[in-house]
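Just below is one structure, and these are the notes that go with it.
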């Protein structure tokens, strides 16, 4: 039938390398036509999706040319069809059908182009592939017509020469036009030109990806400009292409919410119904939390399906290589095989490999792009949820857990995405390979398959064991990082107490355990890797052994040996991958669980606070009725933070809220913000709300931006706010004025300055209702009075606003319109100041305590109630450890202006401080930042960095590692050539045919394989010791040097940057670098030995090595610097994501209160998009390289096969076995070439961690801890006589003096009060005593010992300080009191008793072994301060410094501390730095400092007697503040 249709008796026969005319006119026409028709729906969908995003394309010359070519192809097909239809000659049926199909296809193509123009689709892969298929299928007929024209012989079914000539000219012109058309599709149709506004909207270039043609995208040609730029200079962020709209945070966030939000709302609805059911029914019908994975699949289902299709095609095509290898070996073995067949096989091997490479790279490109989109979607979702989550849900999660959701769990989703298709791909590859093996070896393949199957559970079990150890190791790493974090947080206290040694020992102890687990995991992995690497050999050994021994007729020919070996090698990858997939899947399931639980967690109830404008609109701004609220409504039955609260705040009124610590004052403000769970009652707030938290929230931006907070800049309003908040003097000393970037959490501002910036932000917003949580507690008397008068009070800027002020400063309450007195979550009393005084109730008692409690100065200490503090404090301390860097320096002297601040600014910017009053515009950009941004490393990594790592690892171990790998590769090649000789011994024509006993062949093959495996294992064993030694020798000195670094280092270096060295960089050194070096050495050796094998097999191959190597090096020249810089950009732009996230968590309440949630989400989106731009470009650069290097690898395959064919054709003696070895090695080189370059790039990126760690290992150190021969006598100081003799000091060489010519003699046991206005030098005085800053002149002598002549530890361990902000560490209560374990339990209990903590400690479950949480968050502020007092009592040195140690506690606790100090330290010399003047009025002498000099130094009585003395004026200021009547 087909013969009749074609008019040919032999429809598919061919004697030459031709395709029959029948096939040309049937199959080769039907296939492309069918492809075109079947893909039309997909093309239609592509046009529809594109039309939603882009405008219509303009008519361009390029488009018109394509349209004309398609029109010609259609017209030519129509002419051919008409000629055949209306010709007088008779033709076979096929001649009538195929032109008609052409007309249909090309007419359809013409219409598709017009539709594509309208839809804005610049290029279509479907059209390009269709034209390529037409081109390939038409090639045989094109060749046929040319051959017939040359020979002037035509087929029998063409009856006349004229008809033959017409059809010949028609087809040749048609095919020529098809070539031109296919070439034109290599270029995309241009879009319309951008407008000037669009060009100016971004500094970075728009990505050309979406404007590129299909071939351009397939080869990633559009990315060329990035490597081109990267090879010429270091890349900058502006060089990186912008993300496409659908890869950006804004689009993906909306897409995520469209799929996730309905599921979340349904879950909440179902949960509310479920909660009402009986417990028995609840167990039977639990509510299932919606899966994150299902939502992600729905978002990216079409991309996923496209990638699946590509993966399926790629996996199928990989089995073409063994088939073609089999045919090539058959060709080599056959004596009379035609030369063209060998050439065709060579071309086919190259074409199939190159096509598979392009398809596989397309698959990875899609999946990696999907991974970045998933990362963007989930990161944005976690960020948004953080701003909406309720406090009760938030309390169940530490900050670390929330950060890990973004840093680890989201990252896992991104990393597993490219591998997710392997779950179906691996079984498919295994099945296909097994079928092929059974065809090749029969049942002899079974032993090999059984071995590979055994490896699967072995891999799984080993992975589970390693995973268990990895979890333990991660816990130890977290514990070590947390401890380093805490030590660096409290580094000033650590140094003041001389605790560096026990802290370093504690960290080293954790590190030793961590390294032990890393070693155990590595050993198991190495055993597993050795088995996996040996698996092809073991499988081949048993399979070949079974094959040749089971039947004497079974001959191990090259075709069987090397095709089977190729299949075994292809089996190894999916078999090994299964265990990794299971491991990754388990991690992904855990991450999915953690993410979905967080994303469905309870959110703040927006309806909790009624913000309707109609609430008491005529008069009241705030109305609270019968409010009962709790931080955890689900556990409200046990504890209610607020109970039965009624509150009315008229418009423009000032309401003062007072009460003891923990009475619920801060909780009341939180309830008004909607932050607490409302159990019953009603809250109404009329107007926009501003919130000033007790712990100031400062962003990492300029001072001005912190104050304007997104509002337009209004100079007049701004200046008013600066003056009212007493910030003008501060701005004058900043290097760039208010344009100075003040660092994370305002690291270089004092507590008082941060409080005033926080207040200024709220005032500048000009809102309606102000909730002020004790904003005056951090400032001293005259500043507090100024702020109250100019901002809060009846005549302040907020006089026309409603103000609810929480305060411990009872002197401010007189001017309040109403006072609320809180006790245990209830409003006990309310009324005006006069009314409450007359009632002589709770408020009157407070006033009495206030008057008699030694604090009538500028502020009364206060803190949040414990419930709120548990949340706020955790965020503050965990996320931004830098906050405590200047605790002593700043909090000793916190207000308008401090020389210490000026000095630190100078330290961080330039040696020359700008003159006071310098215009911000005149300041250089470098002066704007107090903390400099971390620089991006540029250029190549120095060879010295590699030498440093090798030196740390040990030279002998490094040489052993490389040496055993060389032996391993040598044995592998010997084994391959032994197999070659074995397979050739049955070929009588082979020059290497030397028959041997099968047992001997098998034995030697096995011996070589086992020796090879042993060498591989020993090499890996050496690598384990290399990594362990390097890790130990790099981490230990780093920690030691950090302990030895002076405070100036910590003043100018954000702790986050230091922590990055101790955490991320050390992890890279531990885990990544050993693996990088392993794979690099393996790849380099494998490439080198492969080339050697091919040259030995076919010496002619040496001719092409040089050009191929040149091409390879050119690609390296462009890729390596580009990849290196992209990795660095990615690393640098990753940090802002977490910094901004940390700021957001810390300031979530403020962000919600000010209504800035959407703005912060947009800011987070911009930061995230910048990072994703870098990561996406880095991933694309890998694919860009892979496309090009795999082309080089495929060229090696082609030349290896080609020279084998030429060797046979020209009589160069080459056996099939040797050719089998050569081509087998060549088939494996493609991925190795790419992987080798990737490893070079990875090592360059990761070795930077060694450089960064070494940088902080060699920073300048402070003075020695101990000086041999200069140790003070035991018991020193025994008297406590302190002498300052002309003492001067500065913070660093070259900076201004902060203390000038201080001379003072302090007798033993004397009590000295140190006071002064802000900037007087009080904090510098305390730091100088402990040598935290060194003398620039003069000396300090304690008991006849000059302190500069002894070691720092000898000094600091023998004098004591009680800081204002007590620092506690994770560990037991005992460890926090006595880390050296110097004192007995009885002594510690005695100290706790004297510190009024014994009753508390005795009631703890574990007593002295009670676990203190991070930063001591499970103790109240007052309890932490008492622990600091207990430390001082334990040490009981003769010299004691009190750094305003009672500022953060209430009056009662203050009285306890003062009483204990007076009693227990009555024989000691005491220096008290005080803002509260009443605490020092009974001291022996008062030292008044001013501008770094002693202004006055006399007894309190003498100074008070002189009414013109500075001290007398300070007391008068405080007294003025205390007037109540």
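Heads up, the Cβ atoms here are built off N, Cα and C, so glycines get one too.
Candidates 748, 856, 1418 were compared with Swiss-Prot; the annotation N-linked glycosylation site appears at 1418.
The record in Swiss-Prot shows matching topological domain names for residue 93 and residue 976, meaning one and the same side of the membrane.
Per Swiss-Prot, the N-linked glycosylation site annotation among the candidates 706, 1358 falls on 1358. The N-linked glycosylation site entry in Swiss-Prot, when matched to the candidates 18, 626, corresponds to 18. 1228 is the residue among 700, 1228 that Swiss-Prot labels N-linked glycosylation site. Most Cβ pairs within less than 8 Å of the domain 'ABC transporter 2' (1282-1516), among stretches 305-587, 622-849, 959-1245, belong to 305-587. In the predicted model, the topological domain 'Cytoplasmic' (1027-1068) shows an average pLDDT of 87. Contacts of residue 659 (ATP binding site) defined by a Cβ separation under 8 A and a same-chain sequence distance of 6+ are given as 665, 821, 822, 823, in order along the sequence. Summary for the binding-site residues 665, 1322: the Cβ-based neighbour count within 10 Å is maximal at 665. For the topological domain 'Cytoplasmic' (46-66), the residues of the chain that approach it from at least six positions outside its boundaries are 113, 115-122, 124, 126, 181, 184-185, 187, 189-192, 245-246, judged by C-beta separation under 8 angstroms. Here the topological domain 'Cytoplasmic' (46-66) is broken down by DSSP into helix, strand and coil counts: 12 helix, 0 strand, 9 coil.
Secondary structure of the topological domain 'Extracellular' (557-561) per DSSP (helix as H, G, I; strand as E, B; remaining residues coil): 4 helix, 0 strand, 1 coil. Residue 663 (ATP binding site) has a Cβ environment of 21 other Cβ atoms inside 10 Å. With helix defined as DSSP H, G or I and strand as E or B, the topological domain 'Extracellular' (368-434) counts 60 helix, 1 strand, 6 coil. Under the DSSP three-state reduction, residue 659 (ATP binding site) is assigned to strand.
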